[in-house]
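Per Swiss-Prot, the feature substrate binding site maps to Arg29, Asp85, Glu86, Ser87, Lys127, Gly141, Asp142, His220, Ser221. Annotated phosphoserine per Swiss-Prot: Ser33, in sequence order, evidence recorded as similarity to another entry. The feature Fe cation 1 binding site is assigned by Swiss-Prot to His98, His123, Asp124, Asp253. The feature Fe cation 2 binding site is assigned by Swiss-Prot to Asp124, His194, His220, with experimental evidence given as support.
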Amino acid sequence: MKVTVGPDPSLVYRPDVDPEVAKDKASFRNYTSGPLLDRVFTTYKLMHTHQTVDFVRSKHAQFGGFSYKKMTVMEAVDLLDGLVDESDPDVDFPNSFHAFQTAEGIRKAHPDKDWFHLVGLLHDLGKVLALFGEPQWAVVGDTFPVGCRPQASVVFCDSTFQDNPDLQDPRYSTELGMYQPHCGLDRVLMSWGHDEYMYQVMKFNKFSLPPEAFYMIRFHSFYPWHTGRDYQQLCSQQDLAMLPWVREFNKFDLYTKCPDLPDVDKLRPYYQGLIDKYCPGILSW
């Protein structure tokens, strides 16, 4: 079964790590022109219209029982081969290869942190939501807090939120909205997608990974925070301490993508060992 997930608007025009293959950086995350602009805009228009406090809470209720599927982490990785991600017109290969490429990039740069290697393998597994029938605007893309006014660095902020009912609700339409100053991102309701879902899967199944790993998974698509430097009014000191880890992971999130595919069969035993160490057995999804 193949499910079209793309285009993932958060993954368009991102650079490679290798400077020899990197393009002009001005062309990356370009939301003013380009062949994919219309469909990327449409994706964000749907996202920014429908991602409300009530919608996100309904998705937590819908998926919070973790009763959709029982499978191991490696089975979830293999399921990514059934996802057709149309966000990258230049490189066409299964998402599972990207998982291993990201993990191997981290492994090379941080050989002493095996838990970090596993984060690379895990980070996009929440995209199995697409196999459960979720629309792509509720699976992929940059994330943002609901329940408060969107900040300036949110993609298409000025042109896609007009029909979002929360912005007509005085509880949710101010800079702080329903939150207290510096309440901490752990008390913030994030827009629903593969980041938040995978974070919840990890918590429910009691992954024995360090807090940094949970932050990387939950916030790797929160570009308005880790790159746009917005939403500081919600951050606690713990969030600021974790921010360098999220940014470090961001270097490898798709930046390691290249047509030289890894030999997955040779890599599987190493990563299966990490799975057995940190998140073994059949998990609830």
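The backbone N, Cα and C atoms fix where each Cβ goes, glycine too.
Shown on the structure are the features that Swiss-Prot records.
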{"residue": "His98", "record": "Fe cation 1 binding site", "DSSP (3 states)": "helix"}
{"residue": "His123", "record": "Fe cation 1 binding site", "DSSP (3 states)": "coil"}
{"residue": "Asp142", "record": "substrate binding site", "DSSP (3 states)": "coil"}
{"residue": "His194", "record": "Fe cation 2 binding site", "DSSP (3 states)": "helix"}
{"residue": "His220", "record": "Fe cation 2 binding site", "DSSP (3 states)": "coil"}
{"residue": "Asp253", "record": "Fe cation 1 binding site", "DSSP (3 states)": "coil"}
Site with most surrounding Cβ atoms, counting all protein chains shown within 10 Å, from the binding-site residues Asp124, Asp142, Asp253: Asp124
Candidates His98, His194, His220, Asp253, namely the binding-site residues, that fall within 10 Å of Lys127 (substrate binding site) by Cα distance: His194
Pairwise CA distance, His123 (Fe cation 1 binding site) versus His194 (Fe cation 2 binding site), rounded so that it is a whole Å: 9
Separation of alpha carbons, Asp142 (substrate binding site) and Asp124 (Fe cation 1 binding site) (Å): 13
Cβ-based neighbourhood (8 Å from the centroid) of the Fe cation 2 site, residues Asp124, His194, His220 excluded: His123, Leu125, Gly126, Lys127, Gly193, Asp195, Met198, Ile217, Ser221, Asp253
Integer Å distance between the CA atoms belonging to His194 (Fe cation 2 binding site) and Asp142 (substrate binding site): 10
Spatial separation of His98 (Fe cation 1 binding site) from His220 (Fe cation 2 binding site) - C-alpha basis, Å: 15
